[in-house]
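K.L.:
Here it is, the structure in full.
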Amino acid sequence: GCTDVLCCVIFVIVILGYIVLGTVAWMHGDPRKVVYPTDSYGQFCGQQETPNANKAILFYFNILQCANPSVLINLQCPTTQLCVSKCPDRFATYIDMQYSYRRNKGSWEYYKQFCKPGFNNPDKPISQVLRDEDCPSMIVPSRPFLQRCFPDFITRNGTLTVANQTSFKDGHGKIRSVVDLRDAANGITSLLDAKEVGTKIFEDYASSWFWILIGLVISMLVSLVFILLLRFTAGVLFWLVIFGVIAAVGYGIWHCYWEYSSLKGKPDSDVTISDIGFQTDFRVYLQLSQTWLIFMTSLAVIEAIIILVLIFLRNRVRIAIALLKEGSKAIGCIMSTLFYPIITFLLLALCIAYWAVTAVFLASSGEAVYKVMSTLPDCKYTNLTCDPETFSQSNVTKLCPGSQCTFAFYGGESLYHRYIFVLQLCNLLVFLWLVNFTIALGQCTLAGAFAAYYWALRKPADIPPCPLASSFGRALRYHTGSLAFGALILSIVQFIRIILEYLDHKLKGAHNAFTRFLLCCLKCCFWCLEHFIKFMNRNAYIMISIYGKNFCTSARDAFFLLMRNVMRVAVLDKVTDFLLFLGKLLISGSVGVLAFFFFTRQIPVIQEEVPSLNYYWVPLLTVIFGSYMIAHGFFNVYAMCVDTLFLCFLLDLEKNDGSATRPYYMCSSLRAILNKKNQKRPKETKRGRKQKKEQPKSRH
């Protein structure tokens, strides 16, 4: 019958509510608020069919104000912001413009591009212009970055310059250093260099996505070939994997030593990494001998660990290989299980896409909210809401001279707008629940198919038809509530971990040692709890697929079964995981080496096809990580197969004794590994033997 019906009902209601949440967010949200920058009046820059259609860049009247601490609080710069068609390309001040305007009318035509729309009075006194904020007091050579005008910084011989100048006029009669501009730019961009790296990385993805996709397809084909070979030659192939990894790591040690030796004696190669600090060009680190020494030492430690594990666990490795051979036979009988990860991937992609779209629409919900921005530390109106239409006539401008009524964010006073943050948290929690349910559904489906293989007395004759489809149908029809229950427990723990990570990020600058220590302990505890729940859920789903009981009963039975066989679990299961991990490393490593030679233009045949990149390691790391995840998806089928067969084997040992009435269901190879035998039936008469021969026919 159905298990955990109450949780199933709650799960269905939550899904319906999630659909309603997405619909409401879609009705209220506007992704343009995320895509386009917004000026001080809440208008989009660059939006078609608006006055700003040809003005796609945001310009700051006084970017020096962006170094104010209020930027960190309000995420807005306390100065007027306008949409412009292009950034200024020269130094100029309003005072100099007025002086030259008497001789050259063209100076005003250029300067007024950066004034408020409709303002056309270059003779207006500078004091009144700055009071009414009709025009900026100065402009500096800038370039667009993230659709915003930022000073065009260039470092020449270690000196920071803007348009080959190290100083400028600030429009108030003072000479300022361009370092002040950099500090202001950093205040609003939150580490401009990091964002520049992000832009270059995005450009690299845009130019190399096709080749990244080819690399991932190659890794998928290699993974499939690896699994097919494993079906027939598990022992030989895995020993080749082991020695292949040892050889690859050994080559890495030799290559690092060769690079380390070749850098000896070269100028500046003995500089330490701490001396040069963080560099956006990672090729700088490859010119340091210390970098290659660290690589060589790390690889040597990895090599030693692998060799020691093989020496002390060689007998257990043989047992694990035999268990994998049995798993290979099971997958050979149910080949459709190899392609089930595709279903899981599509379901996960659907969950991720729905969550991301809902999050964007929630973030872009609401009307424009304006707040008072002031550079005066004692202004009591700072950060309060205001109306830009009536702000100039209010008392705020008198009590806080120079204050601005600036667009802050999109929000509102309705019940929906007040609880957008709570809705975002709900969006995240339900997303985690759906993702974990999808993974649980896959695990239970595979476990049911492999359990059907194990409990077939005559393999493959007694295996039911379409075991994977049957297991999938049973899991959805009878055990949706149990799978949702286990997924919910795991999702809550993951949700708490995300909150702890957020708090840790916010408290990085705190000096309270006890708070940091407590937070670190909580993160460690919940990390351990998450991994324990994942392990128990996996085995609980196997028990559900075998006995069809509810989640709590299955989890309890699985836990005590594993505790009664803790040594077998600790050795056999983990050695199997280790061997599969080596296979993932070999696949991702070999595809990664191929990608390295391709993106560094070391393959002459296709050298001209390589796109021009800012950082070749961007597509390289993407291919390596993607290859590892693809191999991980395919090998998860094997891991689930081995775990299911192993759990079934433990149950077989406890429920049966090898007698004629209770024979072992395990195959002969597993019985040989553990020295177990089925008792022979006593000698029978010819008639009895004849009846015995006819017995299988009677079962059908």
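Placed from the backbone N, Cα and C atoms, the Cβ positions cover glycine too.
The shown structure was predicted, so the numbers you read here are calculated from the model rather than taken from an experiment.
Heads up, here are the entries from Swiss-Prot:
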type	residues	note
COMPBIAS	677-692	compositional bias 'Basic residues'
CARBOHYD	ASN157	N-linked glycosylation site
CARBOHYD	ASN164	N-linked glycosylation site
CARBOHYD	ASN383	N-linked glycosylation site
CARBOHYD	ASN395	N-linked glycosylation site
TOPO_DOM	1-4	topological domain 'Cytoplasmic'
TOPO_DOM	26-209	topological domain 'Extracellular'
TOPO_DOM	255-292	topological domain 'Extracellular'
TOPO_DOM	314-341	topological domain 'Cytoplasmic'
TOPO_DOM	363-432	topological domain 'Extracellular'
TOPO_DOM	456-482	topological domain 'Cytoplasmic'
TOPO_DOM	504-541	topological domain 'Extracellular'
TOPO_DOM	563-577	topological domain 'Cytoplasmic'
TOPO_DOM	599-616	topological domain 'Extracellular'
TOPO_DOM	638-687	topological domain 'Cytoplasmic'
TRANSMEM	5-25	transmembrane segment
TRANSMEM	210-230	transmembrane segment
TRANSMEM	234-254	transmembrane segment
TRANSMEM	293-313	transmembrane segment
TRANSMEM	342-362	transmembrane segment
TRANSMEM	433-455	transmembrane segment
TRANSMEM	483-503	transmembrane segment
TRANSMEM	542-562	transmembrane segment
TRANSMEM	578-598	transmembrane segment
TRANSMEM	617-637	transmembrane segment
K.L.:
Quick check for the class: what is the C-alpha distance, in angstrom and rounded, between ASN395 (N-linked glycosylation site) and ASN383 (N-linked glycosylation site)?
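P.N.:
Cα of ASN395 (N-linked glycosylation site) to Cα of ASN383 (N-linked glycosylation site) measures 15 Å after rounding.
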K.L.:
Near the topological domain 'Extracellular' (504-541), which same-chain residues lie under 8 Å Cβ to Cβ, leaving out any that are not at least 6 residues past its ends?
P.N.:
440, 443-444, 447, 483, 486-487, 489-490, 493-494, 496-497, 551, 554-555, 558-559, 562, 640, 643, 647
K.L.:
Who are the long-range neighbours of the transmembrane segment (234-254) in its own chain, taking Cβ under 8 Å and residues 6 or more past its ends?
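P.N.:
Those are 226, 295-296, 299-300, 302-303, 306-307, 310, 321-322, 324-325, 328, 579, 582-583, 585-586, 589, in sequence order.
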K.L.:
Could you pull out which residues elsewhere in the chain have a CB under 8 Å from any CB of the transmembrane segment (342-362), counting only those six or more residues past its ends?
P.N.:
21-22, 25-26, 28-31, 34, 420, 423-424, 427-428, 431, 434-435, 438-439, 441-442, 633
K.L.:
On a count of neighbouring CB atoms within 10 A, which of the glycosylation sites ASN383, ASN395 is highest?
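P.N.:
The most densely surrounded of these glycosylation sites is ASN383.
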K.L.:
Tell me if the transmembrane segment (5-25) touches the transmembrane segment (433-455). I count contact as 3 or more CB pairs below 8 A, with pairs 6 or more residues apart.
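P.N.:
In this chain the transmembrane segment (433-455) contacts the transmembrane segment (5-25) - 3 or more Cβ pairs sit under 8 Å.
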K.L.:
Could you check whether the transmembrane segment (5-25) packs against the transmembrane segment (483-503) - three or more CB pairs closer than 8 Å, residues at least 6 apart in sequence?
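P.N.:
Touching, yes - the transmembrane segment (5-25) and the transmembrane segment (483-503) meet the threshold of 3 or more Cβ pairs under 8 Å.
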K.L.:
For the topological domain 'Cytoplasmic' (314-341), give the DSSP counts of helix residues, strand residues and coil residues.
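P.N.:
Its residues fall into 27 helix, 0 strand, 1 coil.
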K.L.:
State the mean pLDDT for the topological domain 'Cytoplasmic' (563-577).
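P.N.:
Looking only at the topological domain 'Cytoplasmic' (563-577), pLDDT averages out to 75.
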K.L.:
Hey, which bits of the same chain come close to the transmembrane segment (578-598), Cβ under 8 Å, at least six residues off its ends?
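P.N.:
Same-chain residues near the transmembrane segment (578-598) but 6 or more away: 211, 215, 218-219, 222-223, 226, 238, 241-242, 244-245, 248, 309, 317, 320-321, 324, 606, 610, 619-620, 623-625, 627-628, 631-632, 635, 638-639.
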K.L.:
Taking residues 6+ outside the topological domain 'Cytoplasmic' (314-341), which of them lie with a CB under 8 Å of any CB in it?
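P.N.:
That would be 224, 227, 230-232, 234-235, 238, 442, 445-446, 449-450, 453-454, 459-460, 463, 467-469, 571-572, 575-576, 579, 633-634, 636-638, 641-642, 645-646, 667, 669-670, 673.
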